[in-house]
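As given in TrEMBL:
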- 3-82: domain 'GST N-terminal' (DOMAIN)
- 88-208: domain 'GST C-terminal' (DOMAIN)
Amino acid sequence: MADEVVLLDALASMFGMRARVALAEKGIEYEYREEDLVNKGELLLKMNPVHKKIPVLIHNGKPVCESLIIVQYIDEVWKDKAPLLPSDPYQRAQARFWADYVDKKVYDAGRRIWSRKGEEQETAKKDFIECLKVLEGVLGDEPYFGGKTFGFLDIALVTFSTWFYTYETCANFSVEVECPELIEWVKRCMEKESVSKSLLDPHKVFDLLVIWIRGVGESKKIEC
Ligand SMILES: N[C@@H](CCC(=O)N[C@@H](CS)C(=O)NCC(=O)O)C(=O)O
Ligand SMILES: *[C@@H]1O[C@H](CO)[C@@H](O)[C@H](O)[C@H]1NC(C)=O
């Protein structure tokens, strides 16, 4: 029986893009479904009743939620093709540690950049740049975070590059000036079709964010 794979997603989501890159790396065919995050659909609420967030991977009718868990699930189910996580337990732990750092620190600082103003935004910008510098150090002289090959941590972080233009525009700075080697790494990743075809154009991310903020209204808390 052929696998039935559906991805509930939103184009501008750096979390959704992780699932898209992982599926592309493995060469999995799937049905992409764009979700309205302002007026959430039945299927999303049913498939992710806990967080009510995208992405959700529905594999043969069963949902898997949370982007990093989705990427690991994809890696485990389609394990014959292009492994994403390192085979060594220690390296695996390291990759997971830094992916968690991306979720906790990079995401949080990035979010504060576009959702705050003034002093708070300045602090967010400093935090964001600091986090990226830490990650630049983790990359070191290797071509990818996975070492010689593209892998889990590369997927976890590279999708955030689609938001760099938004962060830069909101807070007047340049990631390339601050972290040139990280930008070189982004360009290297973009040479892979699995990445370039899965990532949304940074200008479109910005446009969608503007539309989204308008749709939700300033009063309501939104997350992306
Ligand atoms: N930790 C989650 C985050 C997912 C997330 O924040 N998704 C956003 C879109 S980028 C969402 O669905 N937001 C809807 C909401 O906040 O109600 C993951 O890694 O999948
Ligand atoms: C943006 O940053 C540049 C370079 O740091 C600076 O010259 C310029 O005045 C800043 N613009 C605003 C609107 O703050």
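Placed from the backbone N, Cα and C atoms, the Cβ positions cover glycine too.
TrEMBL: automatically predicted annotations, no manual curation.
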Residues in the domain 'GST C-terminal' (88-208) grouped by DSSP into helix, strand and remaining coil: 95 helix, 2 strand, 24 coil
PLDDT averaged over the residues of the domain 'GST N-terminal' (3-82): 97
Per-state residue totals over the domain 'GST N-terminal' (3-82) - DSSP helix, strand, coil: 30 helix, 17 strand, 33 coil
